[in-house]
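Among the features that TrEMBL reports, Zn(2+) binding site is placed at B:Cys94, B:Cys97, B:Cys134, B:Cys137. Summarising the annotation, TrEMBL assigns Fe cation binding site to B:Glu109.
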Protein chains: 2
Amino acid sequence: MSCEVNLTNQLRERGFRITPQRSVILHILGHAKAHLTPAEVYQQASISLPGLTETTVYRTLEFLAQTGLAQTVFNGKSKYAYEISGYAHHHLVCRQCGTEVEIPHVKAEALFKELQESTGFQLMQNHISFFGLCPVCQED
Amino acid sequence: MSCEVNLTNQLRERGFRITPQRSVILHILGHAKAHLTPAEVYQQASISLPGLTETTVYRTLEFLAQTGLAQTVFNGKSKYAYEISGYAHHHLVCRQCGTEVEIPHVKAEALFKELQESTGFQLMQNHISFFGLCPVCQED
DNA sequence: TTCCTTATTGCAGTTAACTGCAATAAGGAT
DNA sequence: ATCCTTATTGCAGTTAACTGCAATAAGGAA
Ligand SMILES: [Mn+2]
Ligand SMILES: [Mn+2]
Ligand SMILES: [Zn+2]
Ligand SMILES: [Zn+2]
């Protein structure tokens, strides 16, 4: 019916079950304009699924990350955020003010390839957080 | 007296106060053979500083990270770890089994330089965590 | 030394993330 | 349609990380 059908089918084909909880959370992530925290996902998802628990939100988001449909954002503050895996990119995060800048994955492609070849690791191809100071916060 | 004097002097020169808590924690980090969690630091530090609280450990580790004397390790599990800033390196972390591989910073130097020039960010030059699957866990 | 300013700590309480286990329900088989 | 297996969820409780505020003490000034 709605927009997240292709993603749920992808899960079913891989042997996972499609639950209302997963559908709703995928729907929300799919329409998000920004990184969403578990609390934000829970808040929105509760509207259409009143019985939903935060535990399930945490587990579903982690599940989506493990299966590659979503990505975890590390902002350096022990608070998570997630987004649907789409356009491959990374972030520069200011350790002072939290400002985030998006970096297209292609800029890091050479490094990723090199690391994979030299270590045998299969790297998730996007969404690394690079930490530092933004231009504004450098004046301290 | 002991090994962490150069680090504490560095802090004093920058206008920070040297407390027994900071000295002990720096000493522990300086002698650590691996990444240490706040709990591990607390446990060890409590021996020589019985009154120490976990809160102070969390704040001191964060403080050392902010001032560049220590580095935060993101293992992808919302549990922190720290190490003294020494040899510049990064890590590949297996999302399945947690295995970590060390990568010398020099391999990422070109990318870092490029990102700094194109964005104006001043990046912390080490200790990025790249996530993926280790060779063993790829057989699933 | 003693005093003074204020950075740092400890305390108490909060929020975020995680875990074990029993109840539920997805989806394949009959 | 009904049953069955077991993946997934909700519940209750735990652990890790964080925060506000008053008490303490580092280190510069007198
Ligand atoms: Mn992103
Ligand atoms: Mn390291
Ligand atoms: Zn900034
Ligand atoms: Zn592995």
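Cβ atoms are placed via backbone N, Cα and C, with glycine included.
Checking the binding-site residues B:Cys94, B:Cys97, B:Glu109, B:Cys134 against chain A with a Cβ-Cβ cut-off under 8 Å leaves B:Cys94, B:Cys134, in sequence order. Listed in sequence order, the residues B:Arg95, B:Gln96, B:Gly98, B:Thr99, B:Leu133, B:Pro135, B:Val136, B:Gln138 complete the 8 Å Cβ shell around the Zn(2+) site centroid, once B:Cys94, B:Cys97, B:Cys134, B:Cys137 themselves are left out. Geometry remark: B:Cys134 (Zn(2+) binding site) versus B:Glu109 (Fe cation binding site), CA distance 23 Å.
Taken residue by residue with DSSP, B:Cys94 (Zn(2+) binding site) is part of a strand.
Shown in sequence order, B:Cys94, B:Arg95, B:Gln96, B:Cys97, B:Thr99 are the residues of the chain, 6+ apart in sequence, with a C-beta less than 8 angstroms from the C-beta of B:Cys137 (Zn(2+) binding site). Sparsest Cβ environment among the binding-site residues B:Cys94, B:Cys97, B:Cys134 (other Cβ atoms counted within 10 Å): B:Cys97.
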